[in-house]
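Once you've had a glance at the structure underneath, I'll fire off some questions.
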Amino acid sequence: MSTFIVEGGHRMHGDITPQGAKNEALQIICATLLTPERVVIENVPDILDINNLISLLAEMGCKVERLSPHSYAIQADNVNIEYLSTPEYRRRAAALRGSVMLLGPLVARFGYAVLPKPGGDKIGRRRLDTHFIGIQRLGATLEYRSDIKSYEVKADGLNGCYMLLDEASVTGTANIVMAAVLAKGTTTIYNAACEPYIQQLCRMLSAMGAKIDGIGSNLLTIHGVDTLGGAHHKVLPDMIEVGSFIGMAAMTGSEIRLRNVAYDDLGIIPDSFSRLGIAIERQGDDILIPSHDSYEIETFMDGSIMTFADAPWPGLSPDLLSVFLVVATQARGSVLIHQKMFESRLFFVDKLIDMGAQIILCDPHRAAVIGSGRLNSLKATTMVSPDIRAGIAMLIAAMSAKGTSQIQNIDQIDRGYEGIDKRLNAIGAKIIRVTD
Ligand SMILES: CC(=O)N[C@H]1[C@@H](OP(=O)(O)OP(=O)(O)OC[C@H]2O[C@@H](n3ccc(=O)[nH]c3=O)[C@H](O)[C@@H]2O)O[C@H](CO)[C@@H](O)[C@@H]1O
Ligand SMILES: C=C(OP(=O)(O)O)C(=O)O
């Protein structure tokens with residue numbers, strides 16, 4: 001387990017370019033299994049989760065060519081389906097959440113998939129009902145095999161149908177879309193997730209020859225085709241990383257220019273930071289965050305306390321609430337953070353309370369933050385990163401704190417943020433990585 005030693009109190013100054021979006025890249029890489037032809041993907045982030053997924057595909061027999069540090073060509077023309085029955089496959093697939101999206105493409109193209117309980121953040125219950133019901137509705141059968149602690153999914157051809165999803169699951173929608181593109185006839189998915197990750201997946205599938213209507217909405221109509229071909233796709237900048245840097249800049253009083261953020265795909269994120277009192281200057285496709293001596297949280301128009309709650313797109317991503325929470329501790333004013341989707345994502349506030357933040361954890365889903373208006377800066381401490389986004393929030397807290405903090409288990413941060421220590425040190429942060 002590696003650790004970050006973070007010397008707090010340094011202001012950063014300079015430019016930073018967001019990496020490609022982790023959650024989009026996971027979908028896109030899985031979609032390469034839908035064709036025997038070569039697919040080229042650009043702007044792939046060099047992070048643990050992505051590298052693990054790419055090497056899993058290589059183990060399955062896909063030809064993987066790294067064209068540059070952030071672009072790959074993947075060709076699934078010789079997939080070894082027997083590999084799915086090996087303990088090695090189950091071990092690797094279980095290590096990352098993104099592997100759940102191998103299900104749709106494997107069933108659609110090969111009629112067979114094995115799905116061990118996927119990894120990813122332990123942030124609460126993460127059920128897979130939407131995935132399973134959707135794939136079953138298309139005609140696949142599903143059996144839980146206790147001997148290998150995995151689901152085995154089989155299909156002898158899939159058939160399109162109408163389905164109303166029980167929830168707008170992001171990876172669930174991706175799985176069903178990837179299965180439906182090769183199903184016979186028309187599939188209609190209502191209450192589909194429509195995050196930019198899903199929009200981008202649909203665009204790439206369309207470039208491969210799929211017929212998809214309603215991209216960007218929660219009603220997708222997919223007319224199945226017999227085969228898909230190769231394509232060239234560029235992953236969008238990671239909107240969660242963009243949000244993390246906005247929060248980090250404000251909290252540390254730094255002036256940072258975020259380059260090429262794909263502003264129009266950030267949805268409600270910039271306005272949400274503005275409501276926290278953070279000045280965001282859009283300059284073309286860049287965002288400039290000027291140095292803040294202070295920032296003040298707005299109230300709602302009727303004067304009631306501001307609330308940030310997560311919601312499926314175009315609502316606020318649950319992946320940014322930890323950042324909003326930590327940044328609010330140094331604002332003037334108060335805010336309620338309401339994490340509706342996951343029940344274990346707010347427990348890290350204990351550490352912020354140890355550091356001197358005024359936070360009341362009302363229940364597992366809600367935390368009230370009373371900003372100190374920078375009157376009392378946070379005090380350094382030692383903490384363990386429980387998940388990616390709590391990890392980045394802890395890093396932001398440590399960077400703004402007085403003294404030197406330690407963050408252990410930073411593999412959790414590395415899962416989603418590329419070389420974060422190097423990139424921040426280049427603009428003035430003081431972060432040392434200690435690898436055991
Ligand atoms: C690899 C990947 O892409 N991971 C993202 C994906 O996870 P993932 O696709 O696993 O998350 P889901 O969209 O399925 O849902 C997450 C949780 O929220 C609940 N739920 C979901 C939809 C809804 O309308 N109401 C509701 O309460 C679900 O019950 C579930 O427990 O989407 C999550 C929600 O944006 C993000 O946090 C994850 O970073
Ligand atoms: C929860 C997240 O990731 P995963 O779904 O991979 O656990 C995240 O990206 O914040």
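Backbone N, Cα and C define each Cβ position, glycine as well.
Automatic, uncurated: that is what TrEMBL annotation is.
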Please identify which of Met301, Met341, Met355 is recorded by TrEMBL as part of the UDP-N-acetyl-alpha-D-glucosamine site containing Arg97, Asp319.
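Matched candidate out of Met301, Met341, Met355, per TrEMBL for UDP-N-acetyl-alpha-D-glucosamine with Arg97, Asp319: Met341.
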For the domain 'Enolpyruvate transferase' (6-422), what's the mean pLDDT in this predicted model?
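Its mean pLDDT is 96.
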Please report the distance from the Cα of Met341 (UDP-N-acetyl-alpha-D-glucosamine binding site) to the Cα of Asn23 (phosphoenolpyruvate binding site), rounded to the nearest angstrom.
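A Cα-Cα distance of 17 Å.
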When you look at Arg97, Asp319, Met341, which the record names as binding UDP-N-acetyl-alpha-D-glucosamine, what is the longest CA to CA distance in angstrom?
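Across Arg97, Asp319, Met341, the two farthest Cα atoms sit 16 Å apart.
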Which binding-site residues from the set Lys22, Asn23, Arg97, Asp319, Met341 come near ligand 1, judged by a Cβ under 6 Å from any of its atoms?
Asn23, Arg97, Asp319, Met341
List the Cα distance (Å, whole number) between Lys22 (phosphoenolpyruvate binding site) and Arg97 (UDP-N-acetyl-alpha-D-glucosamine binding site).
11
